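Asker: Quick one: this structure, given as structure tokens, is what I'll be asking you about.
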Amino acid sequence: MPQDKKAKVQQSGPTKAAMMSAAEASTLPPAVRVRLYELFVQIEREFEILYAENVGLQEKIDRLPRQQAHTVSNLSAFNANHASAGGIGGSELVEADALSGNIKFQTVAAGHPTMAGSKTLYAHKIRSHTNKLRAQTNRIMSNLKGQALNCSLVRRYTGHKDGIWEVSVSRMGLPILGTASADHTAMIWGMHSGQPLLQYTGHTGSVNSLRFHPNKELVITASGDGSVHIWQCAVHLYNESSSGRVASSEDELDPGEKEFLGGCSSGLEDDGQFSVLRTPLRSLNGHSGVAIAADWLPGGEQAVTAGWDKLACIWDTQTGELLQQLSGHDEELTHAATHPSSRLVVTSSKDCTFRLWDFRESIHSVSVFQGHQDTVTSAVFTHEANQVVSGSDDRSARIWDLRNMRTPVAMIQSDSSVNRISVSQSGLIAIPFDNRNVRIYDLNGNRIARLPRSSRQGHSRMACCTAWSEETKKPNLFTCGFDRVVLGWSVKPREVKDDASHKLNLSLKGNREPGSNKESHLGKENHPQSKH
């Protein structure tokens with residue numbers, strides 16, 4: 001290593017004397033203190049690199065006016081001579097790009113002024129690069145600000161024997177949640193007790209998706225065995241909060257529901273800890289391969305399913321009849337979701353697109369959203385009727401306005417592939433990543449929180465899915481992963497503190513205030529999703 005670089009590295013790190021002096025005044029354990037210093041050193045180095053890049057860009061911007069004047073002068077003389085040689089028919093004018101060094105030839109009509117056009121071009125380039133630099137700096141600084149939400153782990157739900165693909169929350173306000181697992185089972189859990197209440201074992205392949213009926217005690221699951229099952233999730237909530245119904249059983253159903261659920265109790269067993277259900281009410285068999293997702297349309301009388309056969313299907317849930325096949329995707333489907341109140345369906349695919357299917361009219365329409373560079377792993381509606389949030393293996397999530405499909409209104413860049421996302425009623429986006437992180441963003445693409453991830457909190461393997469509950473409940477956010485665990489989190493606004501020890505003050509040179517803290521965690525997990 002050159003002497004100047006070695007000296008710079010040594011200078012950037014904390015000296016032993018400084019660490020000993022700080023140790024006398026600190027109550028932190030030695031290992032934590034050393035790790036904290038290492039993190040600050042890394043932050044300082046990153047800001048030194050950023051500062052050097054900013055200085056270089058600023059120098060280029062400062063040189064642009066001089067280059068513009070010189071280039072425009074030369075081009076004017078050249079074009080004037082060239083135009084006189086070309087006559088009135090037209091001429092080739094030279095346009096130089098001061099930033100890239102490229103020279104472009106453009107044919108224009110003789111006699112048209114070129115000086116104003118060149119000035120406008122360079123002014124636009126200066127503004128563009130200045131805005132880009134400002135946006136990058138603002139994004140970095142916003143990511144270093146303190147979290148706007150207080151996120152704490154409330155409960156762990158354990159019992160599955162393999163990875164958990166999806167977690168879902170009851171839409172009826174019941175304090176229950178459901179999980180779909182690669183161990184071929186689906187589970188219904190007590191939200192507040194953390195105990196399993198019902199296990200469904202009717203599938204012979206990985207259970208890839210689970211969604212609750214909007215107003216009945218029914219669940220729809222999609223499986224790697226190619227089938228989609230509808231089954232009853234009537235459970236007794238012995239130890240759950242009174243915020244939901246205390247108990248639930250078939251006796252509470254009206255006659256119409258009983259007719260639909262005829263014979264639902266057959267196949268229901270009790271192993272002493274939780275009930276086991278083996279037989280579905282309906283089996284929807286229409287996909288020629290893996291069924292990857294299923295969801296209820298508003299009202300629950302119809303459902304949509306998505307499969308690896310590149311098709312989405314619309315079903316009559318009362319009769320099990322296949323009503324319509326939705327074709328158009330070029331590759332396997334990865335996800336499907338419905339709007340909570342309108343007859344809108346969004347399907348995601350490995351073909352790097354997602355499609356919006358509109359069934360509000362007798363003749364349905366379809367819109368294709370392009371922009372991702374890799375598999376679109378999920379796309380969901382926000383509670384604002386005109387927005388969709390999509391996530392992809394290209395390490396980005398995008399917020400789209402359905403009235404303008406060409407470009408997203410906001411984009412979230414990350415360091416890992418995005419899995420099945422969810423959006424809260426207040427517009428918070430919870431994004432699970434392959435690298436075990438779960439981060440929370442607003443609908444403008446700003447990161448406002450990251451869930452803790454340590455040996456005792458967070459996921460130890462890939463985070464697969466998130467689901468929001470009512471914001472007044474605790475927990476109100478659920479995450480699941482391939483570590484076989486569901487985690488329940490309390491997410492609420494953080495109280496503002498004026499204490500300087502809770503602030504992180506970093507300049508572009510990497511200077512820091514004593515007592516500030518900032519952690520960064522990185523990791524990587526593979527994302528297998530195949531038939532079991």
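The backbone N, Cα and C atoms fix where each Cβ goes, and this holds for glycine too.
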Asker: Do you know which of 1-21, 232-252, 337-357 TrEMBL annotates as region 'Disordered'?
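Answerer: Residues 1-21 are the ones TrEMBL records as region 'Disordered'.
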Asker: Quick test of the contact rule: Cβ under 8 Å, at least six residues beyond the ends. What residues does that give for the repeat 'WD' (284-325)?
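Answerer: Result: 205, 208-209, 211, 213-216, 218, 220-230, 260, 331-343, 345, 347-349, 357, 359, 529-531.
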Asker: Which sequence-distant residues neighbour the repeat 'WD' (326-367)? Criterion: at least 6 residues beyond either end, Cβ under 8 Å.
Answerer: 214, 289-290, 292-298, 304-314, 373-381, 383, 385, 388, 390, 392, 394, 402, 405, 420, 529
Asker: Cβ under 8 Å to the repeat 'WD' (157-199), counting only same-chain residues 6 or more beyond its ends: which ones?
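Answerer: Beyond its ends, the repeat 'WD' (157-199) has Cβ neighbours at 205-215, 217, 219, 221-223, 233, 235-237, 239-241, 243-245, 248, 273-277, 420, 461-462, 464-470, 473, 475, 478-488, 529, 532.
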Asker: What average pLDDT does the predicted model assign to the repeat 'WD' (200-232)?
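Answerer: Mean pLDDT for the repeat 'WD' (200-232): 97.
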